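Asks: Sharing the record's features from TrEMBL:
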- 33-54: transmembrane segment (TRANSMEM)
- 131-151: transmembrane segment (TRANSMEM)
- 188-208: transmembrane segment (TRANSMEM)
- 220-237: transmembrane segment (TRANSMEM)
- 243-266: transmembrane segment (TRANSMEM)
- 286-305: transmembrane segment (TRANSMEM)
- 311-383: domain 'DUF1736' (DOMAIN)
- 372-391: transmembrane segment (TRANSMEM)
- 403-424: transmembrane segment (TRANSMEM)
- 430-449: transmembrane segment (TRANSMEM)
- 458-476: transmembrane segment (TRANSMEM)
- 499-532: repeat 'TPR' (REPEAT)
- 533-566: repeat 'TPR' (REPEAT)
- 601-634: repeat 'TPR' (REPEAT)
- 703-736: repeat 'TPR' (REPEAT)
Amino acid sequence: QIFNQHNAEAPNLEQVFHRMAQMEPNLDHDVSWFLLPSYWAKTVVALISFLCFANSYDGDFVFDDSEAIINNKDLRAETPLGDLWYHDFWGSKLSSNTSHKSYRPLTVLTFRINYLFAGGFYPVGFHVINIILHCTISVLMVDVFSILLGGLQFSNKGRRLNLAPKSSLLAALLFAVHPVHTECVAGIVGRADLLCALFFLLSFLGYCKAFRENKEGHTFSVFWVLVSVILGAIAMLCKEQGITILGLNAVFDALVINKINLLDLIRKLLYKDKSLENAGLLRKGLLFRITLLMCGGASILYIRWRIMGTGPPAFTEVDNPASFADSLFVRAINYNYYYSLNAWLLFCPWWLCFDWSMGCIPLIKSVSDWRIIALAALWFCLIGLICQALCSEDSHKRRILTLGLGFLIIPFLPASNLFFRVGFVIAERVIYLPSIGYCILFTYGFSLLSKQAKKKKILAVAVLGILLINVMRCVLRSSQWRSEEQLFRSALSVCPLNAKVHYNVGKNLADKGNQSAAIKYYREAVRLNPKYVHAMNNLGNILKERNELHEAEELLSLAVQIQPDFAAAWMNLGIVQNSLRRFEEAEQSYWTAIKHRKKYPDCYYNLGRLYADLNRHIDALNAWRNATVLKPEHSLAWNNMIILLDNTGNLAQAEAVGREALELIPNDHSLMFSLANVLGKSQKYKESEALFLKAIKANPNAASYHGNLAVLYHRWGNLDLAKKHYEVSLKLDPMAPGTKENYNLLRRKLEQLQKKGG
């Protein structure tokens with residue numbers, strides 16, 4: 001559908017476009033930079049953006065990737081596709097009190113497609129898609145910057161002209177190689193920001209396409225405005241920031257298409273000037289388009305609100321300390337300090353960290369804190385830019401500065417804490433889109449300096465040096481994102497006061513079996529944050545394994561005192577109390593854990609072990625049965641049921657449970673071994689032998705498997721085979737209990753048989 005522009009009082013939009021190139025100074029005129037054809041410019045940008053992040057292609061799943069991908073059931077084929085629309089980014093129900101309310105179903109859908117094509121959790125495919133997305137976005141930025149810096153004009157054939165080829169190339173290169181983008185590209189979870197940015201830019205380019213000329217004269221297309229709204233909705237379904245493109249499209253329409261002077265408009269509104277009717281805001285078409293954008297945005301937000309529910313996301317003080325401050329002054333000061341740090345990361349992206357929470361940035365609590373200078377510097381720069389954007393007599397300067405500030409500030413608003421509390425202090429990924437505004441301002445500043453500079457080539461070399469340094473920083477930072485160990489250790493020098501950094505380093509070391517080093521980092525995490533219950537829980541676990549039970553009990557008791565609903569800590573406390581033979585307290589701890597987490601199979605398993613130690617066999621079997629109902633693949637619970645029934649002489653029941661378990665977990669060699677023992681005692685030698693051999697094939701170095709098969713052959717009368725497997729068992733474990741005695745008995749029997757035969 002095409003809406004024709006006919007307004008006698010306002011200049012025709014076609015005339016506006018043709019005047020743009022003639023009346024406004026060309027930004028490229030003063031820029032000493034490379035001039036390349038559009039195709040080559042995009043090729044250069046694509047190659048350089050690929051070079052920056054190519055070394056992340058074979059990285060591991062790191063940090064948040066575990067929760068968003070590996071532990072996210074929405075990626076698996078058994079989860080109905082429809083569930084994606086009612087779950088958050090991490091796979092939790094949006095209606096849950098623990099949900100972060102991050103609604104990104106299209107991003108999760110791409111993860112699911114990655115998982116299905118790869119046939120499992122293989123990170124290479126995930127990383128490759130992220131790299132391709134960033135390269136694609138960087139290429140699109142050439143077109144976007146050509147419009148933002150050079151204006152929107154079409155040829156007689158309706159083809160959009162690039163009026164600032166040098167400036168748009170420089171800005172696109174700045175964007176492509178900015179090190180702050182590493183988290184989005186090298187961290188798989190950053191896919192949300194990349195997809196959001198892709199559709200964000202497509203929405204903007206679609207909106208620009210609405211003003212393409214045709215044979216009937218200049219018109220605007222309602223169809224392309226609606227396409228832009230739909231693409232904005234898709235961007236928001238990838239990440240929340242996507243909705244802000246609708247506001248930016250409106251700003252672009254007012255400033256570039258209708259050339260409104262904001263200061264002039266504000267004056268007329270304040271003084272109720274009658275000439276307001278002639279102002280660009282009331283030109284035919286602009287209000288209609290802005291109404292379409294507003295209605296589209298309101299509809300998108302309403303639908304999201306209906307799906308998400310009214311409850312706010314649940315965050316804790318450690319996630320965002322400033323938002324929990326009692327004083328409005330303290331909150332305002334610290335929010336502004338966070339803004340200044342985000343601005344600094346754009347300006348000087350040298351100190352980068354995967355997590356800025358938990359004491360990484362101590363709160364500013366008084367005006368005597370020297371960090372107030374950062375706030376003053378930020379607002380001095382912003383006010384200066386805003387004044388120039390509003391008051392400059394140069395319309396070209398007003399337009400570029402306003403668009404630069406718009407793209408810098410508007411996409412950042414959802415992360416600003418102004419409308420709702422966010423779950424982070426600083427997140428490098430959320431400045432992926434605002435960096436567009438930074439690149440506009442940087443490029444415009446470079447053009448101003450070039451205009452004044454006598455030796456323009458030196459200035460161009462300096463900018464080239466900045467690009468080269470950024471490329472090197474991207475390569476280095478990408479390598480740090482390849483593994484959790486490198487990523488976590490890189491943060492120690494940036495945020496040494498961040499308890500979460502020390503916790504993650506400790507967890508990584510513990511996972512690799514280096515418990516002594518892990519203890520050191522866990523202790524430091526608890527020292528930095530005495531209420532860090534997860535660090536206490538993990539430290540308590542390691543101490544429990546090292547048999548340092550009393551200190552483990554103290555830590556776990558403190559953890560549940562600080563957070564009474566911490567189910568994992570209650571279970572671990574129960575395990576420690578059980579080891580200390582305080583059975584009643586252990587039982588109480590287990591039931592408290594189950595109270596706070598209804599579906600807790602591991603806790604039922606440990607409760608069953610407690611009951612078995614107390615010879616409460618029925619209670620033990622019931623607890624293990626609960627564990628297998630909640631988690632059918634819980635091998636340990638199945639095994640313990642089989643062994644307990646075997647030991648108590650209930651061979652028929654033990655056999656039934658074993659067969660049931662193997663139907664659910666057919667490749668579990670420990671279950672094969674346990675059932676084989678039961679069948680052997682029931683004199684079902686052939687079936688028992690088959691299971692023993694299958695278990696040995698799966699785990700050939702288990703001495704007990706060979707030893708028990710030897711016992712079966714011994715009973716069955718296959719003495720040569722019994723001798724062979726006794727010898728294999730003793731070779732694998734010379735101290736295997738009972739095996740040596742059985743082997744000696746067999747040898748004596750064989751000797752006796754030889755004598756009789758002789």
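Note: Cβ is positioned from N, Cα and C throughout, glycine not excepted.
Note that this is a predicted model, so its numbers are computed, not measured.
Set these features in their place in the structure for me.
Replies: If one looks beyond the transmembrane segment (220-237) by at least 6 residues along the same chain, the residues whose Cβ comes under 8 Å of a Cβ in the stretch are 1-3, 5, 13, 103-106, 195-200, 202-204, 206-207, 209-212, 243, 245-246, 249, 285, 289, 292-293, 296-297, 300, 304.
Residues of the same chain lying 6 or more positions beyond the ends of the transmembrane segment (286-305) and with a Cβ under 8 Å from any Cβ of it are 3, 103, 210, 220, 222, 225-226, 228-229, 232-233, 236, 243, 246-247, 249-250, 253-254, 257-258, 280.
Distant neighbours of the transmembrane segment (372-391): 262-263, 266, 333, 336-337, 339-341, 343-344, 364, 397-398, 401-402, 404-405, 441; these residues of the same chain sit at least 6 beyond its ends, with a Cβ under 8 Å from one of its Cβ atoms.
Sequence-distant contacts of the transmembrane segment (403-424) (same chain, six or more residues past either end, CB-CB distance under 8 Å): 100, 148, 200, 240-241, 243-245, 247-248, 251-252, 255-256, 312-313, 315, 319-320, 322-323, 331, 335, 338-339, 342, 356-357, 382, 385-386, 389, 430-431, 433-434, 436-438, 440-441, 444.
A Cβ distance under 8 Å defines the sequence-distant neighbours of the transmembrane segment (430-449), meaning residues of its chain 6+ beyond its ends; these are 27, 30-31, 141, 144-145, 148-149, 167, 170-172, 174-175, 178, 180-181, 184, 190, 193-194, 196-197, 200, 241, 244, 342, 345-347, 385, 397, 400-401, 403-409, 411-412, 414-415, 459, 463.
Sequence-distant contacts of the transmembrane segment (458-476) (same chain, at least 6 residues past either end, Cβ-Cβ under 8 Å): 32-33, 48, 51-53, 55, 170, 173-174, 177-179, 181-182, 349-350, 446, 449-450.
Only residues 6 or more beyond the boundaries of the repeat 'TPR' (499-532), in the same chain, are considered here, and those with a CB under 8 A from a CB of the stretch are 63, 318, 353, 355, 357-360, 484-485, 488-489, 491-492, 538-539, 542-543, 545-546, 555, 562.
Taking the repeat 'TPR' (533-566) as a whole, pLDDT averages 94 in the prediction.
Packing against the repeat 'TPR' (703-736) from elsewhere in the chain are residues 669, 673, 676-677, 680, 685, 688-689, 692-693, 695-696, 742-743, 746-747, 749-750, 753: each is 6 or more residues past its ends and has a CB under 8 Å from a CB in it.
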Asks: Per DSSP, what is the helix/strand/coil residue tally across the repeat 'TPR' (601-634)?
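Replies: Taking each residue of the repeat 'TPR' (601-634) in turn, the totals are 27 helix, 0 strand, 7 coil.
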Asks: Which bits of the chain, at least 6 residues beyond where the transmembrane segment (243-266) starts or stops, bring a Cβ under 8 A of a Cβ in it?
Replies: 13, 16, 147, 151-152, 200, 203-204, 207-208, 211, 228-229, 231-232, 235-236, 279-281, 283, 286, 289-290, 293-294, 296-297, 300-301, 389-391, 395, 398-399, 402-403, 406-407, 410-411, 413-414, 433
Asks: Treating G and I as helix alongside H, and B as strand alongside E, what does DSSP give for the repeat 'TPR' (533-566) in helix, strand and coil?
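Replies: When I sort the residues of the repeat 'TPR' (533-566) into the three classes, I find 27 helix, 0 strand, 7 coil.
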Asks: DSSP on the repeat 'TPR' (499-532): how many residues come out helix, how many strand, how many coil?
Replies: 27 helix, 0 strand, 7 coil
